[in-house]
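Structure record follows, encoded as structure tokens.
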Amino acid sequence: MDIVLEICDYYLFDKVYADVFPKDGPVHEYLKPAIQSFSEINFPKLQNWDSFDTNSTLISSNNFNISNVNPATIPGYLLSKIASYQDKSEIYGLAPKFFPATEFIDTSFLSRSNIFREVLSLFIITTLFGWLLYFIVAYLSYVFVFDKKIFNHPRYLKNQMSLEIKRATSAIPVMVLLTIPFFLLELHGYSFLYEEINESTGGYKAILWQIPKFILFTDCGIYFLHRWLHWPSVYKALHKPHHKWIVCTPFASHAFHPVDGFFQSLPYHLYPLLFPLHKVLYLLLFTFVNFWTVMIHDGSYWSNDPVVNGTACHTVHHLYFNYNYGQFTTLWDRLGNSYRRPDDSLFVKDQKKEEEKKIWKEQTRQMEEIRGEVEGKVDDREYIDQ
């Protein structure tokens with residue numbers, strides 16, 4: 001994310017922050033007392049576990065006893081342990097890395113490394129990029145890929161597409177806000193993101209291996225999170241809004257409850273905190289994830305691959321609720337006994353209208369049976385055939 005942020009700072013934000021939040025300007029003068037008070041806070045520090053005796057240390061290493069715990073030193077110890085994972089050379093904003101310094105770089109009291117500026121910048125960038133990617137990819141999928149016969153499906157909702165768009169556009173900013181702490185960790189050197197491609201980092205071979213590792217790790221994480229989201233109490237509170245869409249359009253891809261979307265994005269953010277990942281590949285993979293999310297909601301069934309959890313598999317999930325929780329592969333569904341093979345009828349092209357209606361009727365019958373078990377008798381959806 002530091003690459004994107006520095007591009008935006010260089011071409012736009014440095015000047016904007018200099019104009020809106022200049023040093024010694026009205027906003028700065030108003031906030032100076034609060035800034036001064038914050039800077040004078042004495043945060044606890046602890047340099048080394050072994051340098052403290054039993055009178056002042058967290059715990060005596062020679063005489064371990066819970067009664068020897070000194071609560072006053074716990075925050076300092078935890079802070080020192082956290083700091084030991086920080087790569088200070090990766091802290092964003094201390095010095096430009098990719099572009100020369102602009103004439104405005106030091107003219108705002110909100111410097112590039114200021115956490116409040118970072119939060120605001122990240123929120124603006126990620127929200128706008130999220131909206132842009134969502135609308136562009138979903139629109140292209142709708143025009144060129146989406147099977148518009150779905151509009152006639154008995155479980156298509158009244159005004160469904162506009163409802164999907166409304167849900168997605170309102171959810172994206174909240175999802176961004178919830179994920180900003182992960183971006184801040186990356187910007188402050190608490191991740192394994194790197195930019196140099198050389199022998200010490202494994203070269204291009206390591207980068208190629210990072211792709212399947214990222215897919216497998218996130219596929220596993222999302223599978224278990226998705227199953228958790230189908231626990232009855234969690235489903236009712238968080239995941240049900242996404243299952244409002246029994247049959248989907250590409251615009252359903254991001255139509256989540258924002259907290260649901262946040263939980264399902266966690267594996268993507270955890271991966272670079274745990275494993276090495278090239279910074280450019282990181283951005284490409286995040287873009288790919290958004291493409292994939294749209295693709296599996298586009299209602300176009302190209303392949304019945306036994307390994308890839310494609311559009312057909314995800315259609316089964318929306319129709320029948322309790323199957324195909326995976327994101328990219330069918331591996332964890334097979335291991336977790338939740339895999340359901342898509343019906344062959346999904347892959348028949350140019351089906352006769354009467355046969356299609358018969359298939360949809362059977363889908364609806366099975367769906368209603370399972371929906372009743374998952375959601376209860378009352379269904380608050382408004383279908384086109386009502």
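In case you wondered, yes, glycine gets a Cβ from its N, Cα and C as well.
Listed ranges 54-58, 239-243, 369-373; the one Swiss-Prot annotates as motif 'Histidine box-2' is 239-243. Contact between the transmembrane segment (172-192) and the transmembrane segment (206-226) is not supported: fewer than 3 Cβ pairs lie under 8 Å, counting only residues 6 or more apart in sequence.
Averaged over the domain 'Fatty acid hydroxylase' (214-337), the predicted model has a pLDDT of 95.
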